[in-house]
Amino acid sequence: MHRVTVTLDDDLMKKLDAIIEARGYQNRSEAIRDLARIGIQQTSAHASAEHCVGAMVYTYDHSKRDLPRKLTQSFHNHHELSRATMHVHLDHDQCLEVTILDGKANEIQHFADHIFSERGVRYGRLVTIPTSGDGHAHD
């Protein structure tokens, strides 16, 4: 095992300590090891060509110049990944979208990264779940 030193700002340290207490970790090292494993697992899953389903959640400012058009074009360019989208108007300018995706993990991640990087997209989160294959038909 290797010993490393990490510098954290006060706010991040408070949040880490809250996680440690809530989950019952014996010490910070144990918590940081688990969080590192989770991050590595997520990164590996998103980089693979394995089949998965996912939920992409993001908010955006629909009044930003050309943003709705750019988002629509991105969805058309990746139409094979998108299964369904729910659109909610949060206020006069902000919208929330939840999209169910189905395809290779690396392609889904690439699509989500493209959406999240658009100017005017304020928050983005992708959750993926590995599946056993390329989908199936119900008999």
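Backbone N, Cα and C atoms are what each Cβ position is placed from, and that goes for glycine too.
Because the structure is a prediction, the values reported are computed rather than measured.
According to Swiss-Prot, the feature Ni(2+) binding site maps to H76, H87, H89, C95, an assignment based on sequence analysis.
Close to C95 (Ni(2+) binding site) in the fold, though at least 6 residues off in sequence, lie T59, Y60, D61, H62, H87, V88, H89, each with a CB less than 8 Å from its CB. Counting Cβ atoms from all protein chains shown, H76 (Ni(2+) binding site) has 9 others lying within 10 Å of its own Cβ.
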